[in-house]
Amino acid sequence: GPAGCRGIAAAHGNTPVSALGVLFNTGAGQHILKNPLVVNSIIDKAALRRTDVILEVGPGTGNLTVKMLEKVKKVIACEIDPRLVGELQKRVQGTCLANKLEIKVGDILKTDLPFFDACVANLPYQISSPFVFKLLLHRPFFRCAILMFQREFALRLVAKPGSKLYCRLSINTQLLARVDHLMKVGKNNFRPPPKVESSVVRIEPKNPPPPINFQEWDGLVRIAFVRKNKTLSAAFKSSAVEQLLDHNYRIHCSLHNTWRSLKLSMLLKYCPYMYVSRSFTNLIKCFVSALLYGCGSHIEIPENFRISEKIQTVLKDTGYSEKRARSMDIDDFIRLLHGFNSEGIHFS
């Protein structure tokens, strides 16, 4: 029964590295969490449920894995190193935990994520940023993720406007999720010890997500944070930025005009019904076409058009011309994005 399982987990809990016969590849970010108090603390913070499917990334030799297997329905462990996969399999072989563990071998960034309720990960630090966004853009939604990061990365995730560490990573993560710094973890809790201190962070995706096109949002934020201490007026004067936005603007105008022609032809097709037939259905058809598919005006781009003037006008009109990214919050960027979009300027 469960007592037997706990015995197995405990028996392996502090197996020395030499006994396991594994030499860890620190270049690939292999640092195994060895302190059982930290392991238990992470499991408590995850608030696991008996019905949960857990995605674990970087299970290592399984110190966290075996503890979670006792508490949940299933753990899907993703590990890139076949040697560690072997250790993990050996550890649960012949126990009542074995059938609750599924192991996926491979690079998590190149793998389609399975369905899961919560994620627990002690990640190689070099993949922290791409993994966070892979998680946050994953559907269907999961409940929460408890993730171990390098301390500075963790502090960037939770940084607020005006803070020295506030950056594109901070605002993008906070747009899509609620982020909390849970605890610091010293380097001596790992085997072998990493060169840097670590922190555990909880990420809860916002469900429903904000009604924003993330690619557009990230395009705007990327420009603003290239030099976060510059005014936006200066940041948007870069020739690369102007070229990109000019290109996007011309595509937008061309698409708008094509769509307008299509809608006009629909109106011409359906509106005569209104006079020929008094049938309710046709009346509705016309009404919907005229109101919902309002045609808008044809956009002509003048010969002497300069995108730089249009950009600076939007910045002045929205009141952000002299503002700097380092002190702007999510609402500021939403207003600015809306200001640009309503003038036909797009970032993706």
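Note that Cβ sites are derived from N, Cα and C of the backbone, with glycine treated the same way.
The feature S-adenosyl-L-methionine binding site is assigned by TrEMBL to His31, Leu33, Gly58, Glu79, Asp107, Asn122. Taken from TrEMBL, the feature domain 'Ribosomal RNA adenine methylase transferase N-terminal' covers 38-207.
Sequence-distant contacts of Asp107 (S-adenosyl-L-methionine binding site), defined as residues of its own chain at least six apart whose C-beta falls under 8 angstroms from its C-beta, comprise Ile80.
Neighbour count (other Cβ atoms within 10 Å of the Cβ, all protein chains): 25 for Gly58 (S-adenosyl-L-methionine binding site). Taking every pair among His31, Leu33, Gly58, Glu79, Asp107, Asn122, the residues listed as contacting S-adenosyl-L-methionine, the largest Cα to Cα separation comes to 20 Å.
Neighbour counts of Cβ atoms within 10 Å were taken for the binding-site residues Leu33, Asn122; the minimum is at Leu33. A mean pLDDT of 96 is what the model gives for the domain 'Ribosomal RNA adenine methylase transferase N-terminal' (38-207). The Cβ of Glu79 (S-adenosyl-L-methionine binding site) has 23 neighbouring Cβ atoms from other residues within 10 Å, across all protein chains displayed.
All protein chains included, His31 (S-adenosyl-L-methionine binding site) registers 23 other Cβ atoms within 10 Å of its own Cβ.
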